[in-house]
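Colleague: According to TrEMBL, the protein has these features:
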| type | residues | note |
| --- | --- | --- |
| REPEAT | 46-80 | repeat 'PPR' |
| REPEAT | 149-183 | repeat 'PPR' |
| REPEAT | 211-246 | repeat 'PPR' |
| REPEAT | 318-352 | repeat 'PPR' |
| REPEAT | 380-410 | repeat 'PPR' |
| REPEAT | 411-445 | repeat 'PPR' |
| REPEAT | 473-507 | repeat 'PPR' |
| REPEAT | 578-612 | repeat 'PPR' |
| REPEAT | 649-679 | repeat 'PPR' |
| DOMAIN | 793-885 | domain 'DYW' |
Amino acid sequence: MRGAPAKSSIRAAATTVSSNKAILAMSKSGDLGGARKLFDEMPDRDVISWNSVMSAYARHGMHEEVLRMFKQMLKRGAVEPTHTTLATVFSSCAELRALAEGRQLHGLSIKRDSSSNAFVGTSLVTMYSKCLVSDCSLLRAFEEVYWKSTASWNALLSALIRNRQLLRARQVFDRMPARNCISWTAMIDGLVQGGRLAEALELFHSAPMKNSVTWAVMLRGLVSEGHFRDAIRLFNKVMVEKNQREQSSSSAAVIVQVVAACLGLEDANCGRAVHGHIVKLGFDADPAIEASLISMYFSCLEIEAAELEVLKLGCSRSTGACNSLIRGYVDNGRIDEARKVFDGMEKRDEISWYLIIQGYLRNNLVDRAVDLFSTMTSPTVEICTVLVSALVEDGRVAEARKLFDDMPDRDVILYTTLMSGYIRKGLLEEALKLFKMIPNPSIVTYNVVVSGLILHGKAREAYNLFNEAPLKDEVSWSAMISGLVRGGLASEAFLLFRSMMFASAQGNIRPNEPAIASILSASAGLSALAPGEAIHGIAVKLGHEPRLLTANSLINMYSKCGQVPAARSVFDRAQNRDLISWNSMLYGYAVNGCGAECVELFEKMKCAGTEPDDVTFLAILCACAHGRLLEEARRYLDVMRSEHGVAPSLPHYSCLIELLCRSGRLEEAEELVRSMPFEPDSVVWSSLLSGSALNVRVDLAEYAAERLLSIEPRDPAPYLCLARIYAVTGQSANLRRLRKKMNAARMITRPGRSWIEINGEIFSFFAGDKSLPPSGEVLAHLEGLICRIKELGYVPDYNHVMEEMEELEKEEVLMKHSEKIAVAFGLLRTDPPKPVRVTKNLRICGDCHSAMKLISLCTEREIVIRDNIRFHHFSGGRCSCSDSW
């Protein structure tokens, strides 16, 4: 009886072994259900039983089941996990990116002294690399492996390359005690992907062992970088080495890359030579190579050779070969031949349908594409997306929506494509409804909606949606910043750019050139020099400054901040200047009153071979107007048509009319208004009105004001200008009549607003600002300045006060003009010799202009005021406009 338990134990062990074999056989045949059922019914299970089922699950991609079984195994505690167990579970954690479970398993392996095992260690390193942990964690995990096999080293090497840490990867490669073909291939591939082709080629030539993958990797690198001749030469070396040693140095993967090189060269002779080698090597029947050869012949415009290649294949031609033939015909505009090939195919795949439908669309045969799509038994969402996009482009949004609604499956790309169509057609509400239907919107989807809202003037709503987006890329940030700037929300744009810079510091984003250009535009709009200079520094740090978009934006920013020398410095350093570069610099000179410099630069532009356009001549004429260069303006108005074929438009005539008025030649200005081939607009009549006021021509002023009010009846400017003329000429009765008329019309004057930027903060002031108490520091300083300039001869010009009041009251109104308050504030908050820079929404009045000249004299400070017409640089009692504005 003593032998009975022993015999029973032997029988149980035998049963377990036989069950394990059965489980292994079932799992290899794909019967996982049967294998698991047998495992669950086993009375006794050993570690091999558990490992067999877990390995089967792992091989079939059922990694969640692997983790569940492993937890059961530990919970029951009947068997101890082996190195094989741990390696399998580590692999499943890697595939699931289950870092938390992987770390717990790492701790368990350390307790059981298993992490030093080469097999387990390799799986551990692979797990950490696929879970995208830091390189330091990877290296620590690797150092725990006591017996480091070549496979362990290769796992670390591949992980570092996958994380784009090429320097560390190369250091690890150089440290490896032994390398196999996988090591050499991985390092060469990493260098190729990292754009270090020369280093990859050097390593390739020094490799003592190469297989077909190594050759294919190196050839692919050469082809992808456009080194087609070098790839062909390397292929010839393959042929030499093949004859000398192993057959594996030439394979289908190698041949495909060589054919791609011939395709890139578009050299039919070279292609035929390679084709001959392919036939000798016996690869001409390979489907991938067949397709590559047909594409190559089409690329070389050897269409007959491509057709012969297909005919040679006969009825056995592959789907891939036919697809290449369809693609070739489509690329050469022979859509009917492409359709014949498509109709004659024994077996079509998704690519076949995509190519022929795309061919119809490329030839603007949208209806035929839709008809063919309707015959598909299982239409794919990718092809549907292409069709929806084409219908949207053709303006057939309703048909695109019907196609969308008929699709059983839809992905986020299809939703986004249709939504983009709605936005382009102005159907924003429909686009927003569709957006709410998307289960998981992508970054691109959010970007499309945000851009659509911005396009339709809804910058606030776009900003709110942007903040809701779970993920943002460079396009998201730059589109939103640009939208805020265009929507007049410059302060929000600056705040968002600061957030972008914070995200950049965290490594999540990198400000791109459009974002830099947009925020520079905001600085230009506010004449905010300090933020603009700071952004310039960021652009230099990011390497954007030499690029055209950034350089043009910097020129524009510095010009609109009154920093013409800085703008010219950027212009001179700019690489490959375009027409926008020249126009921006010309405009900078024009608005800053540098007429002579503008004319000089224009002549240099012509010598440089850049052809001017209408914007160029507008800048030149504007400069002439501001600099009173009448003869030059006449000449350029004639030259633009006679020498450059640019027809003058109304804005060009407006500049000359303004210049004639400023020069006191009102009769000539009137004659030009009557004779020019355009109907005068508000700008023309406004120039004539201002000229009449400047030269005290009451009759012409009244006529110009009447015409101006017929175009813009709610504009108070004509009334104010007439009021000043009546006041100057002592026409009290006309002045009272004008005031009554203005009151009856309930005319609302636009309040004067000025702003100044100090230390990155924008301060705004309004005319007669009630927020400044009489005892306030700013107002007290302003009163002191007025007293000082009165000693220098300043006399308040009461003609710039419309209301009837006592002179003392009028003086107080003039003192509280917004630009005077802003300048007083700037003088208090900044130290000499820093200029005081102010921007105003209206044209500076004559009283403020006189005051600013004297303030610059008595304070010995430069004052720069940018009004809605031009810049005024006040220094030493003079203005850059020479009192012509």
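Glycine residues also receive a Cβ, built from the backbone N, Cα and C atoms like all the rest.
Automatic, uncurated: that is what TrEMBL annotation is.
Quick caveat, the model's predicted, so the values are computed rather than measured.
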Colleague: For the repeat 'PPR' (578-612), give me same-chain residues lying six or more residues beyond its boundaries with a C-beta closer than 8 angstroms to one of its C-beta atoms, as numbers and ranges.
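Modeller: Residues 548, 551-552, 555-556, 558-560, 562, 564, 567-568, 571, 619-620, 622-624, 626-629, 632, 640, 644, 646, 870-873, 880-882.
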Colleague: List, by number or range, the same-chain residues at least 6 past the repeat 'PPR' (411-445) whose CB is under 8 A from its CB atoms?
Modeller: 381, 384-385, 388-389, 391-393, 395, 397, 400-401, 404, 451-453, 455-456, 458, 469, 471-473, 475-476
Colleague: Who are the chain neighbours of the repeat 'PPR' (649-679) in space, where the CB to CB distance is under 8 Å and they lie at least 6 residues beyond its ends?
Modeller: 614, 617-618, 621-622, 624-625, 628-630, 633-634, 637, 640, 687-688, 690-692, 694-695, 697, 700, 884
Colleague: Could you give the residue numbers and ranges of same-chain residues that sit at least 6 residues beyond the repeat 'PPR' (473-507) on either side and whose C-beta is under 8 angstroms from one of its C-beta atoms?
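Modeller: For the repeat 'PPR' (473-507), the nonlocal Cβ contacts are 443, 446-447, 450-451, 453-454, 457, 459-460, 462-463, 466, 514-515, 518-519, 521-522, 525-526, 531, 535, 538, 762.
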Colleague: Check the repeat 'PPR' (380-410) for me and report the mean pLDDT.
Modeller: 85
Colleague: Any residues 6+ beyond the ends of the repeat 'PPR' (380-410) with a Cβ under 8 Å from its own?
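Modeller: Same-chain residues near the repeat 'PPR' (380-410) but 6 or more away: 350, 353-354, 357-358, 361, 366, 369-370, 373, 417-418, 420-422, 424-425, 427.
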Colleague: I need to check the long-range neighbours of the repeat 'PPR' (46-80): which residues 6 or more away from its ends have a CB within less than 8 Å of a CB in the stretch?
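Modeller: Contacts with the repeat 'PPR' (46-80): 16, 19-20, 23-24, 27, 30, 32, 35-36, 39, 88-89, 91-93, 95-96, 98, 101, 112.
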